[in-house]
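Here the structure comes first, spelled out in structure tokens, and everything after it is commentary.
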Amino acid sequence: MVLTKLIDALNQPYADSIKLPLAVSPWPMLCIVSLYLFFVLRLGPQFMSFRKPFELRRTMQFYNVAQIIYNALIFTRGVYFLFVEKPYNFSCMSVLPEDHPLKSTERLMAYSYYVNKFLDLFDTVFFVLRKSYKQITVLHVFHHVLMTVAGYMVLRYHGYGGHPCIMGLLNTFVHIVMYTYYYLSAKHRGVKENIWWKKYITILQEVQFVVIFAHSIWTWIQPNCGTRGGILYLTTSMSVVMMIMFTNFYIHSYILTNKQPKTQAKQQ
């Protein structure tokens, strides 16, 4: 039965008339995600086991600046798209029809955001090459895999734009802040030691998922809303799972740690 449902899902018509790379067949996406997991969990650590950490400070600075610019472009265009051009009713954000004058803009922004999820995977690759294994947490890896797989599912079965635009807009803003922190910590060692930044970035990430959850629930209760149930199931469940995981991370990283004796904290 499971196999039959899987085959039926793969045979469903593509949600958009234009088929773009990495958004049609699931196999390229699955291959990239599988290679990512194999490298960060096994091959990478084995490769680095007898090697010194790579000096990637300049490479990471370039990467972080590129991420800041990439996310800023999507965010600023997204703000103009949502709040100036106003193609959606925020209570029921459906994908624009093919003949809508802003359809190309909607498609470009959604696809650019999806492609960025693949670029985000380099975060973990850099951690491995620098032997920063403490940063490769279950939350970190799960988040990257989930966002990539979910991005494919949205484009393949829901289409470009619509309800997930709120998630994309919030997430690009969070990434601008996050990669700014990464850039400064790569350039100035003192920034990395200052826990203030990291704490509030985590809070910002939690706030985004609360907003995504609230917006999804608000859409659920709207009468006669044409937004497909599948996309609401996805955004609601994703936001709940990520809220739980980020809250757990926050408690263990910033609350329980602060309650430890100072002498013990210094040893860690």
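The count begins at 1 with the first shown residue.
Glycine residues also receive a Cβ, built from the backbone N, Cα and C atoms like all the rest.
Annotation source TrEMBL lists transmembrane segment at 20-41 (among others). If you look at the transmembrane segment (20-41), the same-chain residues 6 or more away from its ends with a CB under 8 A from one of its CBs are 10, 14, 111, 114-115, 118, 121, 124-125, 127-128, 136, 141, 144-145, 148-149, 152, 155-156.
With a cut-off of 8 Å between Cβ atoms, the residues of this chain six or more beyond the transmembrane segment (62-83) that come close are 102, 105-106, 109, 112-113, 116, 119-120, 122, 126, 165, 168-169, 172-173, 175-176, 179-180, 182-183, 186. What TrEMBL lists as transmembrane segment is 62-83 (among others).
Same-chain residues lying 6 or more positions outside the transmembrane segment (111-129) and placing a CB less than 8 Å from one of its CB atoms are 20, 22-23, 32, 36, 39-40, 44-45, 48, 53-54, 56, 59-60, 63, 67, 70-71, 73-74, 135-136, 140-141, 144, 147-148, 151-152, 154-155, 160, 168, 171-172, 175. The transmembrane segment annotation in TrEMBL covers 111-129 (among others).
Summarising the annotation, TrEMBL assigns transmembrane segment to 136-155 (among others). Same-chain residues lying 6+ beyond the ends of the transmembrane segment (136-155) with a Cβ under 8 Å from its Cβ atoms: 15-16, 20, 22-23, 26, 29, 32-33, 36-37, 40-41, 110-111, 113-114, 117-118, 120-121, 123-124, 127-128, 164, 231, 234, 238, 241-242, 245-246, 248-249.
When Cβ-Cβ distances below 8 Å are used as the criterion, the transmembrane segment (161-184) is approached by residues 60-61, 64-65, 67-68, 71-72, 74-75, 78-79, 81-82, 88, 90, 93-96, 106-107, 109-110, 113, 116, 120, 154, 191, 197-198, 201, 204-205, 208, 211-212, 215-216, 219, 227, 231-232, 235 of the same chain, each at least six residues removed from its ends. The transmembrane segment annotation in TrEMBL covers 161-184 (among others).
Residues annotated as transmembrane segment in TrEMBL: 196-218 (among others).
Taken from TrEMBL, the feature transmembrane segment applies to 230-251 (among others).
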